[in-house]
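Written out below as structure tokens is the structure these notes cover.
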Amino acid sequence: MVRKWLYSTNHKDIGTLYFMFGIWAGMVGTSLSLLIRVELGNPGSLIGDDQIYNTIVTAHAFIMIFFMVMPIMIGGFGNWLVPLMLGAPDMAFPRMNNMSFWLLPPSIMLLISSSIVENGAGTGWTVYPPLSSNIAHSGSSVDLAIFSLHLAGISSILGAVNFITTIINMRPNNMSLDQMPLFVWSVGITALLLLLSLPVLAGAITMLLTDRNLNTSFFDPAGGGDPILYQHLFWFFGHPEVYILILPGFGMISHIISQESGKKETFGCLGMIYAMMAIGLLGFVVWAHHMFTVGMDIDTRAYFTSATMIIAVPTGIKIFSWLATLHGTQINYSPSMLWSLGFVFLFTVGGLTGVILANSSIDVTLHDTYYVVAHFHYVLSMGAVFAIMGGFVHWYPLFTGLTLNPYLLKIQFFTMFIGVNLTFFPQHFLGLAGMPRRYSDYPDTYTSWNIISSLGSYISLIATMLMLMIIWESLINKRIILFPLNMNSFIEWYQNLPPAEHSYNELPILSNF
């Protein structure tokens, strides 16, 4: 048993490990978010001062991004589905795949350690100096967080190399790149983004580490450094990172929508590929829209404003192609279809607030208010998470060979839908009214919307626990699937359910008609 899981070189077993790790980390991250909302449910302090509050906020962000969304989307779905969809026997480097996973538990341990030693890293996930320098954060907390990020980064880079190699080298003989499934494309582009952006983050946090411990002054004006340099380096990673979090979701939603619509491929398949490539490319040239308030030139701000708005074009292509895929079908409101429809609608709402924030003049006012929080939680908490949930209920029969209870799944979907919207929609109003981020207390005038927001988070918690209960119910009742009802253009369903330890004993042949 230990050998099977500790030394595994099988992409399915490693994918399952990623799922279990991601679900566990997701529960930790959810607990932290509940602490935040409990603190903000009423004016006045509940947990303590702003230091402990910001430590919770920082840990919540890091855990949700690096230990929940990325392991589940790229590690879980990516490992499980990419080889199956390509007809490959496994990933290109199976042992490196195992190492990618086993770097994550030590990494999350370092992160949790960082928040329980000294005063914790109360810097926000951006870790800006001088707040993160040894003047403001004297203990070892920030150093531990930096090491944690290094490990998570190494894990992601190795995984990215693995996926890129697999996708380039392990396709069937006649399969051209434009014939690859959209999910494989999305993971490939995501891997490329990881490979190009993470080394920049590694450089930035290494310089921060030496600033803190070796008396260098990369980010210290007293020695000729500049904290703005850190911001540029961080956001050059940080902006592609948010596209890394959503792109695999795009791929999953494309598959779910085309399959649930009974269509053999998504509308505008090639356009979808080019749209994802455009999003990936543009994601690298818009980073300074996170820094409109640091005093850049007017022409610089004009460029970053317009470049950011251009990203709305390929994103719109994807939204309308999904709607066109749905067009003309009798929509069957299955659980995975509900998640996909919720994704398309709420991701669009999140994208619209993003276009508003792209205006540098408006952003000067809205920067660091709850409007920004509402924006990125709409695209993450209702984009990435809805895609994860939709993908999970869609491919769960493939992964386990069992069925989930569809009636309970629908109840769970609507509970979660109400919960997340009730949590994050009022935050737009709070932001427009000027409530700043990263504070544990607020003036009484913001009380009512905060109470509603906190209420929504409690509903989301109930929905999350209901989901765990549904999975548990499925695992103990073992309703085994006899045969899949899937279309023949989705080759991952050609397997036994669940697939054999080695899925392809001979290479598939692609026939062109």
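Every residue gets a Cβ built from N, Cα and C, even glycine.
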Task: Binding-site annotation, Swiss-Prot, Cu cation: partner of His289, His290 in His239, His375, His377 - done: His239
TODO: Provide, as an integer number of angstrom, the distance between the C-alpha atoms of Asp368 (Mg(2+) binding site) and Glu39 (Ca(2+) binding site).
DONE: 19
- [ ] Measuring CB to CB from Glu39 (Ca(2+) binding site), give everything in the same chain under 8 Å that is also at least six residues away in sequence.
- [x] Ser45, Leu46, Ile47, Tyr53, Ile56, Ser440
TODO: Would you kindly list the residues that approach the transmembrane segment (16-36) from elsewhere in its chain, counting only those six or more residues past its ends and only Cβ-Cβ distances under 8 Å?
DONE: 5, 8, 47, 53, 56-57, 59-60, 63-64, 67-69, 71-72, 75-76, 79-80, 101, 104-105, 108, 399, 457-458, 460-461, 464
TODO: Specify the count of other C-beta atoms within 10 Å of the C-beta of His60 (Fe(II)-heme a binding site).
DONE: 20
Task: Spatial neighbours, same chain, of His239 (Cu cation binding site) - Cβ under 8 Å, 6+ residues apart - done: Gly283, Phe284, Val286, Trp287, His289, His290
- [ ] Quick one: pull the CA-CA distance for His377 (Fe(II)-heme a binding site) versus Tyr243 (O2 binding site), whole Å only.
- [x] 14
- [ ] Write down the Cα-Cα distance for His367 (Mg(2+) binding site) and His375 (heme a3 binding site), rounded and given in Å.
- [x] 11
